[in-house]
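Peer 1: Below is one structure. I have some questions about it.
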Amino acid sequence: MAEQQLGVLKALDVAKTQLYHFTAIVIAGMGFFTDAYDLFCVSLVTKLLGRIYYFNPESAKPGSLPPHVAAAVNGVALCGTLSGQLFFGWLGDKLGRKKVYGLTLVMMILCSVASGLSFGHEAKGVMTTLCFFRFWLGFGIGGDYPLSATIMSEYANKKTRGAFIAAVFAMQGVGILAGGFVALAVSSIFDKKFPAPTYAVNRALSTPPQVDYIWRIIVMFGALPAALTYYWRMKMPETARYTALVAKNIKQATADMSKVLQTDIELEERVEDDVKDPKQNYGLFSKEFLRRHGLHLLGTTSTWFLLDIAFYSQNLFQKDIFSAIGWIPKAATMNATHEVFRIARAQTLIALCSTVPGYWFTVAFIDTIGRFKIQLNGFFMMTVFMFAIAFPYNHWIKPENRIGFVVMYSLTFFFANFGPNATTFIVPAEIFPARLRSTCHGISAAAGKAGAIVGAFGFLYAAQSQDKAKVDAGYPPGIGVKNSLIMLGVLNFIGMLFTFLVPEPKGKSLEELSGEAEVSHDEK
């Protein structure tokens with residue numbers, strides 16, 4: 001790729017931060033808002049689903065989802081997301097980022113609404129249709145990962161590229177927060193309109209029939225922000241790097257970016273030979289890719305896999321951890337609406353105090369500190385705080401020490417988000433060639449979701465008490481919350497070691513990082 005071909009890409013690399021950058025952040029970021037909202041809102045309503053559809057009047061405890069149903073409801077969207085990341089990642093390189101970007105959003109809108117309209121009033125029918133639609137919701141969400149990251153990286157200038165991609169990803173924190181606020185608002189409204197006694201006072205009346213609408217409204221709300229951004233996604237031009245380096249149309253790329261940057265970019269004559277240079281046409285499964293990027297791909301996949309085991313197991317099962325330490329009262333002392341409110345309040349406080357600030361610390365410092373140092377430090381601090389919670393676990397569960405537990409637990413989330421949860425999303429969008437960028441990001445993200453599935457399914461069983469008398473209905477004894485947290489700490493430490501396989505992209509152009517600029521040096 002000679003210097004002439006780089007004209008339009010250089011213009012993007014050195015462009016001052018301007019309106020189109022922020023427009024791209026909002027368009028891609030609102031997709032991530034929806035992604036996070038849809039994936040995490042289910043953790044707010046699983047206990048409510050148990051009360052409604054698995055009520056047993058003979059039991060001293062409210063109904064709860066059977067183990068296989070809980071695992072399916074929590075994990076099916078993650079399975080869909082993994083599939084979507086691989087499929088749309090590949091498709092984004094084959095057809096272009098823009099062509100498939102709108103399709104992912106349409107899937108999210110339709111499946112969010114359909115999830116809330118899950119058919120029937122019997123447990124089997126509702127759970128089956130809910131899981132079906134949440135799988136396809138996850139499939140659409142999965143496509144948003146590689147496409148949003150790739151589009152933002154290819155639009156950004158090299159000076160603030162990390163902050164722009166991080167800002168898109170930071171909308172995940174806002175989505176988690178929004179899920180909490182929506183649940184708080186909806187449960188408060190229903191509590192005032194349809195007051196009910198606690199389960200201990202009246203088992204049947206503690207779950208009035210109207211609460212069936214609570215979880216449906218919460219789940220369906222995720223469609224709204226996605227719908228608001230669809231028009232603007234369709235108006236975005238294809239990225240210049242895809243048009244020039246993959247579609248081989250430098251003229252169109254120059255015209256598109258001249259409009260976006262609102263400046264004239266000169267079109268050089270010697271372009272075709274550079275763009276079509278055979279040295280840059282190696283495939284994903286070639287020896288050349290293995291030589292250049294094999295360790296990089298191992299680094300991005302392994303770190304994302306290990307991070308998501310810890311991150312998703314903690315996020316999806318916050319309610320179980322908070323119940324175990326007594327931060328959420330025993331279920332029998334609440335009615336169905338109160339339980340939703342208390343779980344949402346706990347999750348919202350964690351998001352507000354640690355999750356959201358962690359994301360925006362990454363936005364603020366990633367282009368000064370660098371991706372590598374932030375990720376390494378994040379894994380290290382997560383390990384420290386996880387062990388600090390786990391080893392003296394019996395100390396933290398005492399009533400007088402619960403605030404300390406919440407502080408320590410919050411700090412693990414802060415350093416996850418001011419750390420590997422953000423950087424594992426950013427780096428794969430920067431270090432691979434344009435024609436494989438979306439695919440490699442999709443592979444890396446899918447490895448992360450594989451870790452999330454391990455966390456979602458594994459933690460559900462592992463965190464059960466070792467005492468058979470204390471396990472949840474239908475579960476075998478596990479290793480307990482304490483030992484589960486120790487295991488997560490060990491995984492965080494291993495993630496820190498694999499970070500050394502990932503290069504530092506700070507301040508470099510995408511072509512310099514991917515090796516696509518090497519041809520120009522050979523030709524000069």
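Every residue, even glycine, has its Cβ placed from backbone N, Cα and C.
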Peer 1: Membrane-wise, does Swiss-Prot list Ser188 and Lys482 under the same topological domain?
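Peer 2: Yes, Swiss-Prot places Ser188 and Lys482 on the same side of the membrane.
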Peer 1: I'm validating the feature mapping. Which of 293-313, 314-334 is tagged transmembrane segment in Swiss-Prot?
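Peer 2: It is 293-313 that Swiss-Prot describes as transmembrane segment.
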Peer 1: Could you tell me whether the transmembrane segment (442-462) and the transmembrane segment (71-91) are in contact, taking contact to mean 3+ Cβ pairs under 8 Å with a sequence separation of 6 or more?
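Peer 2: In this chain the transmembrane segment (71-91) contacts the transmembrane segment (442-462) - 3 or more Cβ pairs sit under 8 Å.
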Peer 1: Given the transmembrane segment (293-313), which of the listed stretches 100-120, 132-152, 162-182, 212-232, 442-462 has the most Cβ pairs that are under 8 Å apart from it?
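Peer 2: So the stretch in question is 442-462.
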Peer 1: Do the transmembrane segment (162-182) and the transmembrane segment (25-45) share at least 3 Cβ pairs closer than 8 Å, excluding pairs fewer than 6 residues apart in sequence?
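Peer 2: Result for the transmembrane segment (162-182) with the transmembrane segment (25-45) is yes.
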Peer 1: Out of 25-45, 349-369, 372-392, which stretch has the largest tally of CB pairs under 8 angstroms to the transmembrane segment (212-232)?
Peer 2: 25-45
Peer 1: Look over the recorded stretches 25-45, 372-392, 403-423, 442-462, 485-505 and say which has the most C-beta pairs under 8 A to the transmembrane segment (132-152).
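Peer 2: Per the Cβ under 8 Å count, 25-45.
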